[in-house]
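Since the structure comes first, as C-alpha cells, the remarks are kept for the end.
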Amino acid sequence: MHGDKERGQILRLLQATTKEGVLILREDVLGWTLSTIKRFGIKPKQRLGQNFVVDRSLIETLIDAAKIEPNEVVLEVGAGIGTLTLRLAERAKKVIAVESDRDVARALSNTITATGMDNVEIVIADILEMGMPNVDKIVSNLPFSISTPLTIKILKDCSFKLAALTYQKEVAEKLLARPGESEYSRLSVVTALLGEVERVRDFPPEAFYPEPKVSSTVVTIKKRTCDFMEWEALEETLKILFSQRRRKLRKAIETYCKIKGLEREDVIRRIDDRLLMRRVFELEPNDFIYLSRRIGFQSM
C-alpha cells in the first residue's frame, strides 16, 4: 500500500506544466524533495554542489531545449533524487544517470523503481574520474562545484550532439563571452573551439533546494568538430596567458620568458606581429591554437 502511494506521488510529478501559478507547481516538487531527502537521511553537501531542482519549469526548460528523440541515449550528470531523470526517461530510449553520492543514489534508485521505469542505468561514480560514454544528448543540472572542469571534460572526451545544461549564471556568462568582453576566459576559448553555446533562460535561486547564493542559467551546447589534438599544449598556453589577461601579448610573453630564464626575442620572433600588440583577452580562440603551436609552452 505504501509503495502504491509513493508511486502515485512520484507519477504526479510527471504531469505536464500548466499555466497555473509557478508557486503552486514549485511547492509540489519541493514537498516531494523535502520528504525524500528526509526519508533517506540526505543532508545536501555544499562541497559537492548539491542543490536539488524544485522548480518544474526549469525541468521542462531543459527537456524542451534538449529536443530528445525516442531512439536517443541521454547522459545526466549529478542525477540527484531523480526529479529530472524521470522526465528524461519518459522521452529517451535510455538514460545514463551518474551520481557520486551513495545516499543520494539510493534515493534515486528508489524513485526509478517506484515508477517501474526500466530504461535508466544508475552509475555511482565521480564523473571527473570515469570514462565518458558516447551518447546522443547530455541533459543535467550540473553540480556547481565542478561545472568548469566537467564542461571541459565533456567537450573534449564525450561524443554527443547536443547538451542542455544548468550553470551558475557567472559560469554561463564565461561560456557565452566573446573576445574583448570582461567575462572572456580560458573556459570561453575551449568552449568556442569545441561547441556552439546559446542562452536559453535564467532562473532565480528559489529554483533549487537548498537555495544557492546565485542565479542559474540554462544553456545549450551543440558539439563542434575540431581537428586540433594538442590539448595539453593549448591548456598550458591558456593558463599562462590568461594569468595576464589584460596585458598585451608581447608583454605577457616577455614576463613569462623572464620568469623561466628564456631568451625572449627568440620566442617573440615566432609570433605574428599583428597579435603581439593585442591584449590577451582580445585574442580569438583560433589565435590561442596558433600560439600554442608556435610557442610550445608545454616544453619550456
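Quick reminder: no glycine exception, Cβ is built from N, Cα and C everywhere.
The S-adenosyl-L-methionine binding site annotation in TrEMBL covers Asn51, Val53, Gly78, Glu99, Asp126, Asn141. Per TrEMBL, the feature domain 'Ribosomal RNA adenine methylase transferase N-terminal' maps to 58-225.
Overlay of TrEMBL annotations on the structure.
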{"residue": "Asn51", "record": "S-adenosyl-L-methionine binding site", "Cβ contacts under 8 Å, 6 or more apart": "Pro44, Asn141, Phe144, Phe208, Tyr209, Pro210, Glu211, Pro212"}
{"residue": "Val53", "record": "S-adenosyl-L-methionine binding site", "Cβ contacts under 8 Å, 6 or more apart": "Val29, Ile59, Gly80, Thr83, Leu84, Asn141, Thr166, Ala207, Phe208"}
{"residue": "Gly78", "record": "S-adenosyl-L-methionine binding site", "Cβ contacts under 8 Å, 6 or more apart": "Gly49, Gln50, Val98, Glu99, Ser100, Ile127, Ser140, Asn141, Leu142, Pro143"}
{"residue": "Asp126", "record": "S-adenosyl-L-methionine binding site", "Cβ contacts under 8 Å, 6 or more apart": "Ser100"}
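Cβ neighbours within 10 Å of Glu99 (S-adenosyl-L-methionine binding site), excluding its own Cβ and spanning all shown chains: 26. Confidence in the domain 'Ribosomal RNA adenine methylase transferase N-terminal' (58-225), given as mean pLDDT, stands at 96. In this view, Asn141 (S-adenosyl-L-methionine binding site) is surrounded by 28 other Cβ atoms within 10 Å of its Cβ, with every protein chain counted.
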